Amino acid sequence: MTMHTTDGPAGPYGDPPTMPLRQITDDELIDGPGGQPTMHLSQQVPSPRPPYAEVPPAPAAPPAAAPTEAAKPSSTARNGMIMALGSLTSRALGFVRAGVITAALGTGFLADGYAVATMLPNTIFIMLIGGVLNSVFVPELVRAAQHHADKGVAYTNRLLTVCGVVLIAITAVAFFCAPLIVDSYTPYGPGDTAQRDLTIALARYCLPAILFYGFFGLLGQVLNSRDRFGAMMWAPVLNNVVVIAVFSLYLAVFVHATDAKDFSAGATMLLGLGSAFGILVQALALVPSLRASGFRYRPRFDWRGSGLTTPLRAAGWALLLVVVTQLAFLAITNLATGAASLAKHDGLTQGLGYTPYNNAYLLFIVPQGIITVSLVTAILPSMSRSVGSGRFEDVGRELAQTLRSSAGMIVPASAIFLSLAGPIAALAYGHGNVTDADIEVVTQVLMAFALGLPAFCAQYALARGFYAMSDARTPFWLTTITSGSNVLLSWVAYLVLPSRWIIVGMACAHTVAVLISAAITGRALGRRLRREAAAVAAPLPPDATLELGTGRRPRIRSGLDGGRLVALHLALALACAPGALAAYWLTGRLHSALGSGVPASLAALAVGPLAVLVSVLLLARPLGAGAAVAPLARKLRIPYPEQPVGGGKHRR
C-alpha cells in the first residue's frame, strides 16, 4: 500500500504543499476494526523540520540510535543519583556552614548585615543574567549540537563570549553602586548608621562574586547540555568548605562582636573576601570536567548573523521574569527586615526578621534541590531534543514520570518537616548565640513553608517544560501572578499580625502562592503541549481515516495526565499522615524526658522519620501509590512489590 498527499496545506515549518509519504510495508501494518489491516498513526505523518534554522544545518548524517525505553529511565535515574549525592553533600555542608555563621554572628542585626551582603552578588547575577542562563542556555545549546555541522561549538563560544562581556560590565557597575544597592534591600533608619556602613563594606568585598557566579553558571550550563551533570552539583561543596574555614578562622582570631560598631575592619575584610573567594573556587572546579568533555573555549566576537537571535529573544522574557521575581524578593526582604525592627521596638529579643525567615527557607528547599532539581536537570536535554524533533507529547510524559518519581520522596519530606521542624531547626541552628526562643521561631516558619513543598517542587518541574520549548514569555506572566500573590499576602500578614507572628504569616503566604502557581502552570503547560502537538500533526488523508474506522482524528494528548498527578500527591499525603502524627507525639515525649538539647533532637530525628517511612510504606499500596514509593524502598533495600502509580485503587 502506498499513499501520497496531493495539494495539501503547507506544513507548520514551511514544508512544501505536496509532500510524499513513504511506502508502508506489510510488516508495518496492524489489524484495525474487523481484522482489516491499517496503518500506525505515527507512520501517516512525516516528521517536521525542527524549528531551528538560523544557522545552516549540518550535512545529512546517519541518525543516532535512539535510546530504548528501558535505557532512558535508567540514564535519568543514574544522572539524578549523581546530582542528588552532590547536592546532598553540599546541602549537608551548607548546614554546617550556616551553623558556623550563626555561632559567629547570631541571628540579629549582625547576621542580617552579612546575609544581605552575601546575598547581593547572587541576587544581582540571577536578576540580570543568571535567570537567562538557566532557562535559555541548555535548550539552545542542545539544539545547536543537533543541527550544526560543528556540533554547536562555534555557537557555544559566541554565547559564552556575549555573556562574559555582560558579566564584566555588570560587576563593575554593581561595585561602584554598592551603597545604593544596599539601601534598596534594607530599611535602615537614622539610628542604624553603623549597621548600614558595615553592610556596605561587606557588600563591596562580596560584589566581585557576581563575575564568579557568572562563570559557574555559564560553564555549568555547557556541561549540562553535554549530559555531564555531576560537576555542577559537587562544586558548591568546595565553596562551603572555604566559607567554613573562613568563619572558623574568624572565631579563633577575632573578638566576638555583638554590635556593628564593634566589628573590626580586619574581620570585615576576612568575611567579605573569604565569601567571594569561595565562589571563585566553586567556578574553577568546573574547568577539569569541561576539558574532559572535549570542549575548549575560544572567544568569538563575530556575533552578527550567527544564530543568537533566538536565545536573545527568549532572554528578554527570561530577564523580565527574573526582574519580577527579584522585585518580589526585594519586597519580602524589606517586610521581613521591617518585622525585626517592629519586634525590637515591641521589646522582643529573639530573631524575628530576615535571618530566621531565610534560615527556615534554606531548610525548606533542601528536598527540592536534592531530588527535584537533580531529576529535572537530567531530563532537560532530553526534553529539548524531543521539542527539536516535534515530539511534544514525550515532553509531557517525561515531566509526568519525573513528578511521579519525585513525589514518593517529596511528600514524605514535607511530612517530616511538619512533624520534626523543631529538632531539625535545633540541630541546624541551635548553636552559639542562638536561644530556644530563636529556634522556636525558625520551627514555626519551617512548618508554614513545609505545607507548600510538593507544590513548590511541581511548579519548578512544570516550568522547565516551557523552557525546553524556548518559551520564556509564558513563565513570565505566570510568575507575575504568583509573585504578586506572595507579596500581597505577605504585606497583609505584615499589616494585620503581631510582630511576633509576621514572618510565620509570610511563610504561609508563600505556601498559598506556590499552590496557585503549580495549578496555573500545570494547566497552561498542558494546553501548550496539546497545541504544539496538533500543529506538527499533518491532516490525515480521507482514505486513511476510513481505514482506521474511527471517522475522527485521534485525540491530541499532552502526556502530563494532571488529574492522576494530583490524586497521587493526595494519596501519598494520606499515607504519610499517621506517621507524621506519631513522629510529632514522639518528639514531645522525648523533649519532656530529655529536655530541649541535642540528645532529644537526635533521638527525635532517629525515630520520627522512621515512623513516617513505615506509615507511607504500609499505606501507599492500598491507596494506589505503591509504585511512587517503590524507588525509595529500593534505595533503602526494603523489599517492596511495585504496582502502577495512580491516585486510587484502580488505575484508569
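Yeah, the Cβs are placed from backbone N, Cα and C, and that goes for glycine too.
According to TrEMBL, the feature compositional bias 'Pro residues' maps to 47-65. Residues annotated as region 'Disordered' in TrEMBL: 1-73. If you look up TrEMBL, you'll see 92-111, 117-138, 159-182, 202-223, 235-257, 269-293, 314-340, 407-429, 441-463, 475-495, 565-586, 598-620 (among others) marked as transmembrane segment.
Residues 113-114, 116-118, 120-122, 124-125, 129-130, 133-134, 137-138, 141, 156, 160, 163-164, 167-168, 170-171, 174-175, 178, 181-182, 229, 231-232, 235, 268-269, 271-273, 275-276, 279-280, 282-283, 286-287, 289-290, 293, 295 of the same chain, all 6+ positions outside the transmembrane segment (202-223), place their C-beta atoms under 8 angstroms from a C-beta of that stretch. Between the transmembrane segment (92-111) and the transmembrane segment (269-293), fewer than three CB pairs separated by 6 or more residues in sequence fall under 8 Å, so the two stretches do not touch. Between the transmembrane segment (314-340) and the stretches 159-182, 475-495, 565-586, it is 475-495 that has the most C-beta pairs under 8 angstroms. Count of Cβ pairs under 8 Å against the transmembrane segment (565-586): among 159-182, 235-257, 407-429, the largest is for 407-429. Proximity of distant same-chain residues to the transmembrane segment (598-620), defined by a Cβ-Cβ separation under 8 Å and at least 6 residues beyond the stretch ends, is recorded for 408, 411-412, 415-416, 419-420, 422-424, 426-427, 430, 571-572, 574-580, 582-584, 586-587, 590-591, 626, 628-629, 633, 636, 638, 640.
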